[in-house]
Amino acid sequence: MTVLTTEPDAVPAGEEPPDTGERHRLTAVTGLAALSLDAMASVAYGPEAIVLVLAAAGAHGLGFTLPVTLAIAALLAVLVASYRQVIAAFPDGGGSYAVAKTHLGARTSLVAAASLVLDYVLNVAVAVTAGVAALTSAFPGLYGDRLWLCLAVLVLITGVNLRGIVESAKAFIVPTVVFVGAIFVLIAVGLFRSHPVSTVTAAGHASVVAGNASSVGVLLLLKAFASGCSALTGVEAIANAVPSFRVPRVRRAQRAEVALGAVLGLMLVGLSVLISRFHLQPVAGVTVLAQLADASLGHNWAFYIIQFATMILLALSANTSFGGLPVLLKLLARDNYLPHVFALKADRQVHRHGVLALAVVAAALLVFSGGDTNTLVPMFAIGVFVGFTIAQVGMVKHWRLERSSGWRGKALLNGFGALLTGVSTAVVTASKFAEGAWLIVVALPLFVAAFVAVHRAYGRIGERLGLGRIPEAPHRDRSLVIVPVSSLSRLTSEALTAAASLGDEVRAVTVCYPDSEDRAQLHALERAWAEWDPGVPLVRLACERRTLGRPIAAYVRDTAAAEPGTRVTVLIPEAEPERLWQRLLQNQRGAVVAHAVRRETDAVICRLRFRL
């Protein structure tokens, strides 16, 4: 037997090698810009989430802002260290899904995947609505159009990501640098202030601080810790998108992960130090970050730079989901848990179907919420903490199986992280259940059930196709091609010519009805057929009812039964109009015949499209 092969990487002399797509992948810097926007922007609401919970215990409770933030920073360090190991152990991406699939079983991996999918989708909706909320706060006249503004921002981000992940990363480098730089300037200047230089922003707004409590309970501290952990969403995004980095992918992704953790941790701790230093109290209608900018820099142009940078970064932080979710969907599709179309890449290394699916679902959430952030926030962050916990538990098992140098310390670190994130998941779910978290509790098992259903469907398809087994040797059967016709035209001639090249025998069939008008048309067709004499018999299929597909399917079925060993092919000629709108002028007879034959017989269906 002769096997012909071609070398896909061979390049003719004098020609440039083809672009492998590396130039469309991420470096450590562009990866940090493209995939860390969610985490970076979370400093706008993370510290505020802590303060709002502690405000229930009055000024005494607010004194625990820094200790709670330090605990969150410690958890951040644990997560970054863990995800560095995840990146090295699972360079194909997937994060908690890949870890769970390898070490915790298929069902647990699907829970991790479902939690990540939900978090990614909610991140887009929350980020866009929060960014638009900052805009409408600066320009109240736009408040009534906030939903349309949200959808416009979503369309813009989707369009940028369809251009390619590198293009989107480059577009987001400047806003990220401006925001991070502005926050560090705010912190640095504030550390040299003994008191706020301005309180204009908070003036005239009602304080939300309750009366002073004599003590602060453990449950309140746990709730503040869990709420503040919303600042950690996005930490896993780099581990999920390792294949998007340039070679060496693992090293670049690990550098980006460490940089993300360092920058985020410094910003969170720095802002919390200033909150304690200035004794800031949350007020209605003004963000804590705005108060900090006012107190540290004054109510001037620097204040507005921080506000606009925050607004832009919150809107653009949705890009984290567009970078990570399509890669996760690709892995799920590759494992037969999603339609395989999600595994396809466009020419710019973009999983286009994943990007579009994310945009459509996020748009539905925006419409559902009316562009209101507060409607979405209660559902946010639960999914990612489920993923955090599963990833940490999976890495504990990974170290136990690997038993490399220092494995006990690494396993202990991951086990401690799993305990912290598990407690956070329980506290967040319990405290926000009635506010909308119940939707996530319901959605998670539904997503898992959908993944399982798709997997079973692919399993049945694979069983029928004999995937994974050596098929029988090909052999030549006698072939019969049946061509449905209703009139004589160039299309009929092309169809019979194609049929003659496909089969040993060709038969044309036409359906006739008892109406006098139909009989007259049939006689005219038979006379024209006899005059034309194409060398192909025209078979008349009588039918009492005005149906087209069933009599043809019945004839095909009877022919196959009468001639066993004959491979029957139904060739359906169709005209393809020049313009798309002209398809509305067609009668769709070909689709009707194809559907009937496909449903009622095992014949091969060939639809011949003749371009006009």
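Here the Cβ of each residue, glycine as well, is placed from N, Cα and C on the backbone.
Predicted automatically and left uncurated, TrEMBL annotations should be read as such.
Features of the protein shown, as given by TrEMBL:
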REGION    1-22  region 'Disordered'
TRANSMEM  68-90  transmembrane segment
TRANSMEM  110-135  transmembrane segment
TRANSMEM  147-166  transmembrane segment
TRANSMEM  172-192  transmembrane segment
TRANSMEM  258-281  transmembrane segment
TRANSMEM  301-329  transmembrane segment
TRANSMEM  350-370  transmembrane segment
TRANSMEM  376-399  transmembrane segment
TRANSMEM  411-430  transmembrane segment
TRANSMEM  436-454  transmembrane segment
Beyond the flanks of the transmembrane segment (376-399) by 6 or more, those residues with Cβ under 8 Å of it: 79, 82-83, 85-86, 89, 95-97, 99-100, 102-104, 108, 111-112, 114-119, 122-123, 125-126, 129, 229-230, 232-236, 365, 369, 407-408, 410-411, 414-415, 417-418, 421-422, 424-425, 428-429, 432, 435-437, 439-440, 444
Leading contact stretch, 147-166, 172-192, 411-430 vs the transmembrane segment (350-370) - CB distance under 8 Å: 147-166
Whether the transmembrane segment (301-329) meets the transmembrane segment (68-90): three or more C-beta pairs under 8 angstroms: no
Residues of the parent chain within Cβ reach of the transmembrane segment (147-166), under 8 Å, 6 or more residues beyond its termini: 23-26, 30, 34, 124, 128-129, 131-132, 135-136, 244, 315-316, 318-319, 322-323, 346, 348-350, 352, 355-356, 359, 362-363, 366-367, 370-371
